Amino acid sequence: MVSQHDPVCKKTRHFSVMACLVPLCSLHGAAVTTVEGVGSIKTRLHPVQERLAKSHGTQCGFCSPGMVMSMYALLRNHPQPSEEQLLEALGGNLCRCTGYRPILESGRTFCMICTELFVKDEFQPLDPTQELIFPPELLRMAENPEKQTLTFYGERITWIAPGTLQELLVLKAKYPEAPLISGNTALGLTIGACCSLAQVKDVLAESISELPEEKTQTYRALLKHLRSLAGQQIRNMASLGGHVISRHYYSDLNPILSVGNATLNLLSEEGLRQIPLNGHFLAGLANEDLKPEEILGSVYIPHSQKREFVSAFRQAQCHQNALPDVNAGMRVLFKEGTDIIEELSIAYGGVGPTTVSAHRSCQQLLGRRWNALLLDEACRLLLDEVSLPGSAVGGKVEFRRTLIVSFFFKFYLEVLQELKADKRLLPESTRVNSHQPLQDPVGRPIMHLSGLKHATGEAVFCDDIPRVDKELFMALVTSTRAHARIISIDSSEVLDLPGVVDVITAEDIPGNNGEEDDKLLAVDKVLCVGQVVCAVVAETDVQAKRATKKIKITYEDLKPVLFTIEDAIQHNSFLCPEKKLEQGNMEEAFENVDQIVEGKVHVGGQEHFYMETQRVLVIPKTEDKELDMYVSTQDPAHVQKTVSSALNIPLSRITCHVKRVGGGFGGKVGRPAVFGAIAAVGAVKTGRPIRLVLDREDDMLITGGRHPLFAKYKVGFMNSGRIKALDIECYINGGCTLDDSELVTEFLVLKLENAYKIRNLRLRGRACMTNLPSNTAFRGFGFPQGALVTESCITAVAAKCGLPPEKIREKNMYKTVDKTIYKQAFNPEPLIRCWNECLDKSSFAIRRTRVDEFNKKSYWRKRGIAVVPMKFSVGFAATSYHQAAALVHIYTDGSVLVAHGGNELGQGIHTKMLQVASRELKIPMSYLHTSETCTAAVPNTIATAASVGADVNGRAVQIEAAFEQRISLSATGYFRGYKAFMDWEKGEGDPFPYYVYGAACSEVEIDCLTGAHKIEGAFIQGMGLYTTEELHYSPEGVLYSRSPDKYKIPTVTDVPEQFNVSLLPSSQTPLTIYSSKGLGESGMFLGSSVFFAIADAVAAARRQRDIAEDFTVKSPATPERVRMACADRFTDMIPRDDPKTFKPWSIPIA
């Protein structure tokens, strides 16, 4: 939080900021508060920290300090904020674990909102008088500024902060090319160029409240975009002047300022000059631009006038923190008392190198009446003037062309309405009441053991470990080619650079360089862009990263280069044999059905986007080749084995420590071993500790994620909706090496039937080898992709039968004790209970009726509703993967130390293990402690994955009998594992210990003109997979979407407005400890109910437009895909390019 005192209004203003966006030199005179200054477990917790932890708003805890600071800054300005202010404050924060709801619930305790989850007495009160004061010395500086020029000299940059405007103008004349970072402020409707966007928002809101509505049309349009422009932290730091002058093609404000006839007030030593903020300025024409010695002082935004209407439009991948695909500002002024156009201005962002003004089209429409004839003519003119080439940066060309005319149509309707309300509900929650005795912690909502430390920033993650003596930093050099032979690696320049110690190549690895087809460091050839070729070690991370750019690698391109599943199928490029399950007589069944439907499904990949990127610290010991490794991983034993193999030293000399992991989701099962081994080689070669921390771009480029999928299906059914035969063939994009692709294929095929009993069923799966980074384990392990295919078959059958999809689902669901396609027996009774309870609690029948009524009345907005069932098999298909061990020490003071093989990823496994030990030992949890997961304490562990970590490690902790016999005050518990096996030759087995069941209902509303959707029910990470998270690859195989500005995970503003979750009561699982259930992965797929609700809404739109309801299913259901599926006259009128005539910006890899 940055605090600054305003001497004019005598107030101190506090705002949350992103540290990476704030130059240190700009903070002269400001007070900076970090999470350490807010509160501490060692001194006193702040109410924000306490409530976040007690509300279970921390899981992995990596994002928690940021959440605390955003809420803290909000409370410093508004001690009793509204819910809207709370959502706005948190809109720029990201969390991958919690789904945001518990974070919001903690924030709501400060709002004037009644929440059933908590009672007031649970928390210490917020007392604004006890907050830190603004430092008196800084207060004096602000009230009596010295107005002296400050100069900061850096290694490569000089920063000059002039004390007066006159000095600034002198400096600008002296250094005309120097960028201006900050300027003077002046408030009012002439807004100072250095006003932050947050301040601009406040000024506009105040003006709107004070002025007549007819004068504030432009201000309202600007305010609408400011609410969704970036997040609060960026709006706090970004200035109006910077936004205007940068003239980004995606600017949200420039199109509105341009059509609103804004004027720029420019200052120089020569005085004041004014230029219009119009198309000429935005295009950068010399006579309409700033001179090198000029600065932007302020922006004048005139009032609108009577009979003038101004609107703003934007469409982005998600509501906030996303650059727009297209945006627009539109203004029309009518002659007094008529609908005849006197002035018309239209400007677009996102369709050219800068904001594009449709001046020619507007001129041709002057004097026309605002009617349907004008609409058609305007659309034709706009498409002719505002053209977008097929190869345009950012892709989505047809979608963006459609938005050009769709936005104008929305403006046309808005104005027409002027010429001639569904109340928001708060999210509900259901408290799960424990039936356990009060003294027994099992089954009770115990706060995460590290929750308070997460909230205070005192929880130590891998990179928080203080720098050790003689430590070096490592940076990786990756391939820039997708498939090529390495001719040479020239590092001669690098070793002469300051701070560089060494370059690590494959030749430095004393043992095995990974597997034959999956090298730690590339040898002879590379198989994808992002493959690690070598590494640089230097004294600082900055020196190491700079040095990587000086390494020269010469390549010779190889053929073929395969990126898509289609490419791989054509070249017969597969990573493993086909996996197949079949039952019944397929041919006979297809001959005896009423109808047959065939279709295709495409499911895009997904990035793990764990908050803590991949990182490792390797410390070589002085004796016996021993290594201590601190690593962010789900599988320390795998890291240990890989390092042992690479260094050719015994496992017993390598100790891996995992205190906690900032999110994993499967992405830290295999890859940390590679980074650990490379760092260990560097540590052994240099004899010094090595720290390797990937930045977000490199992490996303190198590591791979969820497998994209392409599937073909053929389904035979009766007119009643009973499915008699189903044939599904799936292909996943495995990338360049095997990794977990064979296992994912197996799980995909085993789980494809989902909740349905289909007597004639053939399921096949193959993993394709392509020249992309190897895809790997991800939450759900193939099930979220595969089950989407099965449910798509259901909706296709429903469309052909003219029945609602929920009736088809119900008719074909497992009903009684039965066997799966792989002959494993199970009882579907909990499945049926979940389904019925979901229908009941969601009032599905009533909602379905309301949705149908709404759709009859509305042409351009449609609602959809869907309910999906889920049968999710928990665990691995092998007994050995379910083993676990624990070590328990009882000390003479009665305290107990528990060590186990599970890793703390945010799921609270350490908390759960102490709950188990507390019950078994019959002692309070306060007597128990767990330190870390360590291969020296509990060896030969399995990965913490597949939702069984708590199950199997909990079994190992059950060591009550050993203590009762007084054998020892130290005991080892060992769990042999659940029995699980699968015979693929016979196509049968008992591959899974047990199943969990669920059902989810979602209702959505879509805007048929833009594809935007508003969601009322989903699980957040699954919702991201199926709606917003889209990976874009260049035609050369380079991942474009490798940062949060290009890859969109859901934010707090995407949380469903109504989000009701309940657990099925009295649901027993006798096999597991205390009837535990592995729910970590299963909820992922339930987010598909959002996808199918969107599909339901699209189907309603297509029915009304007399278009075929069955269309190729593509996930994620982005606004682009939704808009283009809702075909209409606007999608029909856009020009379409022959794919052979241009090179596309991106390629679809599924």
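Quick reminder: no glycine exception, Cβ is built from N, Cα and C everywhere.
Keep in mind that TrEMBL annotations are predicted by a computer and have not been checked by a curator.
Under 8 Å, Cβ to Cβ, and six or more positions away along its own chain, GLU1081 (active site, proton acceptor) finds ARG779, GLY780, PHE781, PHE783, PHE872, VAL874, ALA946, SER947. Annotation comment: TrEMBL describes GLU1081 as active site, proton acceptor.
For CYS20 ([2Fe-2S] cluster 1 binding site), the number of other Cβ atoms no farther than 10 Å from its own Cβ, over all displayed protein chains, is 5. Per TrEMBL, the feature [2Fe-2S] cluster 1 binding site maps to CYS20.
The Cβ of CYS63 ([2Fe-2S] cluster 2 binding site) has 24 other Cβ atoms within 10 Å, all protein chains considered. The annotation [2Fe-2S] cluster 2 binding site is assigned in TrEMBL to CYS60, CYS63, CYS95, CYS97.
Long-range C-beta contacts of ASP252 (FAD binding site), restricted to its own chain and to partners at least six residues apart, with a cutoff below 8 Å, comprise HIS225, LEU226, SER228, LEU229, ALA312, ARG314, PRO324, ASN327, GLY349. Per TrEMBL, the feature FAD binding site maps to LEU180, ILE181, SER182, GLY183, ASN184, THR185, ALA186, LEU187, ASP252, LEU296, ARG314.
Among the features that TrEMBL reports, Mo-molybdopterin binding site is placed at GLN634, PHE665, ARG779, ALA946. Sequence-distant neighbours of GLN634 (Mo-molybdopterin binding site): residues of the same chain at least 6 apart with a C-beta under 8 Å from its C-beta are VAL661, GLY664, GLY666, LYS668, VAL669, PRO672, ASN903, LEU905, ALA943, THR944, ALA945.
Other Cβ atoms within 10 Å of the Cβ of PHE781 (substrate binding site) number 25 in total over all chains. The substrate binding site annotation in TrEMBL covers PHE781.
Per TrEMBL, domain 'FAD-binding PCMH-type' is recorded for 112-306.
Residues or ranges marked as signal peptide by TrEMBL: 1-32.
Comparing Cα positions, LEU180 (FAD binding site) lies closest to CYS20 out of the binding-site residues CYS20, CYS63, CYS95, CYS97.
The maximum pairwise C-alpha distance among GLN634, PHE665, ARG779, ALA946, the residues recorded as binding Mo-molybdopterin, is 12 Å. For the domain 'FAD-binding PCMH-type' (112-306), the model gives a mean pLDDT of 88.
In sequence order, ARG96, CYS97, TYR610, MET611, GLU612, ARG660, VAL661, GLY662, GLY663, LEU905, GLY906 constitute the residues six or more apart from CYS60 ([2Fe-2S] cluster 2 binding site) in its chain with CB-CB distances below 8 Å. Cβ environment of CYS95 ([2Fe-2S] cluster 2 binding site): CYS63, MET67, ILE103, MET611, VAL1052 lie under 8 Å away, each six or more residues apart in the same chain. One way to see the shell of the Mo-molybdopterin site is to take the Cβ centroid of GLN634, PHE665, ARG779, ALA946; the remaining same-chain residues with a Cβ within 8 Å of it are GLY664, GLY666, GLY667, VAL669, ALA777, PHE778, PHE781, LEU905, THR944, ALA945, SER947, GLY1080, GLU1081. LEU180 (FAD binding site) counts 18 other C-beta atoms within 10 Å of its own C-beta, drawing on all protein chains shown. Contacts of PHE665 (Mo-molybdopterin binding site) defined by a Cβ separation under 8 A and a same-chain sequence distance of 6+ are given as ARG96, HIS608, TYR610, PHE778, ARG779, GLN1021, in order along the sequence. What surrounds the [2Fe-2S] cluster 2 site, by Cβ distance within 8 Å of the Cβ centroid and not counting CYS60, CYS63, CYS95, CYS97, is the set THR58, GLN59, GLY61, PHE62, SER64, ARG96, THR98, MET611, GLY662, GLY663, GLY906 from the same chain. Neighbour density for CYS97 ([2Fe-2S] cluster 2 binding site): within 10 A of its CB lie 25 other CB atoms from the protein chains shown.
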